[in-house]
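A short write-up of the structure that comes next.
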Amino acid sequence: MAMQKIFAREILDSRGNPTVEVDLHTAKGRFRAAVPSGASTGIYEALELRDGDKGRYLGKGVLKAVENINNTLGPALLQKKLSVVDQEKVDKFMIELDGTENKSKFGANAILGVSLAVCKAGAAEKGVPLYRHIADLAGNPDLILPVPAFNVINGGSHAGNKLAMQEFMILPVGASSFKEAMRIGAEVYHHLKGVIKAKYGKDATNVGDEGGFAPNILENNEALELLKTAIQAAGYPDKVVIGMDVAASEFYRNGKYDLDFKSPDDPARHITGEKLGELYKSFIKNYPVVSIEDPFDQDDWATWTSFLSGVNIQIVGDDLTVTNPKRIAQAVEKKACNCLLLKVNQIGSVTESIQACKLAQSNGWGVMVSHRSGETEDTFIADLVVGLCTGQIKTGAPCRSERLAKYNQLMRIEEALGDKAIFAGRKFRNPKAK
C-alpha cells in the first residue's frame, strides 16, 4: 500500500527541546512517530540535525530537519510509490538519497522520523500489531516480554548532583511476568524515595530527566547502598538485581577518569582505567550488580578488553558501539563487551536498528533496548523490544509520563498475548535460550 501524504512538524521533547514528529497517511489512516534525543551522546552517533539559530530555542530548533522531510524526503518517497510494508526498501532509499556516512545531509532525526512512521503504517497494512510486524522484519517467530531496567538514581550528565556515574538501575528478574516486574519496580522505587527522604531530606527526592532521584551524594557506592536498602525494605532481595550505566566518556580526562568531574578540576584525583576497573569489581562483590554499561571511555579499547576478561557479568556498550554495525564488529573482534545498547536514533533507521541487533545476537551478545533522556510520548521501543526478543529494556524510572508510556504499552502487549506471553526473567541476557 502506497503512502498518500507525509508531513513533519516540530514538537517538544520531555526536556523542553524541539524534536521531529512525522505524520504519514495511507488508505488505512494516519500514523504518527516522534524522535527522541540524548544528553550524553557518543561521538560516533548518526547526526541529529539542529538549526543552530541561537535566537530560537537556544539553537536547538529542528526546522531544517522538518523542511528536509516536507520538501525533499517526503515528496521523493511519494513519487517512488514504495509500499509501507517494504521497510528495508524505504530505509535504503532514504539512506541512499542522503548519501552521507552519518546521515548529516537530511539529519538522522528526519530519516528516523519517517522510518518509524513507515513501520507503524506497515503493521496496520498487514493488519497485525506493531510488535508482530517488527518480529517479522527481524525473522523472529517468537515474542518475548523484557525485564525492565528502572533508572531510579540519576547522576552524571542527567543530574545536578556530584555523582559521576549516570544511572543506577533495578531489574526485577525474579518476577513471573512483566506486570509483576512493574509492580516490584514501583514498590522498590517508593521505598527508595522514603529511604532518601529520611537520610537527606525532602528536597533530595526531586527527580532527574528520566524520573530517578538525584540526591546530592558524591560516592558511587553510596547510591548502591541506597538501592540495597530500598530493595530489602520492599522485601525483594531475592527478586531484584542492580544495573549501572557509568557513561565514563563523560568524565574521561587525558587518559584518566575523574570521579569528581562536577567539581573544580584536580588532576591529582584522576584515576587510571585499571583502578576504575577494581572499583567496579568491588561493586560486583558487595552488591547484586549484574550489568555495567559504558564502564570506560568510548576509545579506551584496551581497558574494556582487559576488564571483560576478568568478570562474568553483562558489560554493555553504548557510547562504545552507538548501535553502529562497524563499531559493533570492532567490539566483537576486540572482545570489549558482551551486550549492545540499542538506540534507534543513534543509527537513524528501523532497518539498521534491526541489523545491529541481529549482528550483536549472532555473536552471542545480549541486547538491551533503550530510550533517550529527551523522550516523547511515542511508544515505538516497547513494541520493538518485544519483536526483537532482546529480553531487556531501559526506559527510565516508573515515573514521568514519557517513561511510563513505554512501560504501560508493554503491559498492554503482555495482556494482548495472554497465555502466549513469555517473560524473559532471569534469562534476560539470552532470552531465546531454551
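The backbone N, Cα and C atoms fix where each Cβ goes, and this holds for glycine too.
What you are looking at is a predicted structure, and each value in this text was computed from that prediction instead of being measured.
Binding of Mg(2+) is attributed by Swiss-Prot to ASP245, GLU293, and within the candidate set ASP209, ASP318, ASP319 the record adds ASP318 to that site. Checking SER37, SER176, SER362, SER401 against Swiss-Prot for the annotation phosphoserine singles out SER176. Taking the Cβ of THR72 (phosphothreonine) as centre and 10 Å as the limit, one finds 15 other Cβ atoms among all the protein chains shown. Least packed by the Cβ count within 10 Å, out of the recorded positions LYS343, ARG372, is LYS343. Among the recorded positions HIS158, GLU210, GLU293, the residue whose Cα lies closest in space to that of ALA2 (N-acetylalanine) is GLU210. Secondary structure at SER370 (substrate binding site), as computed by DSSP, is strand.
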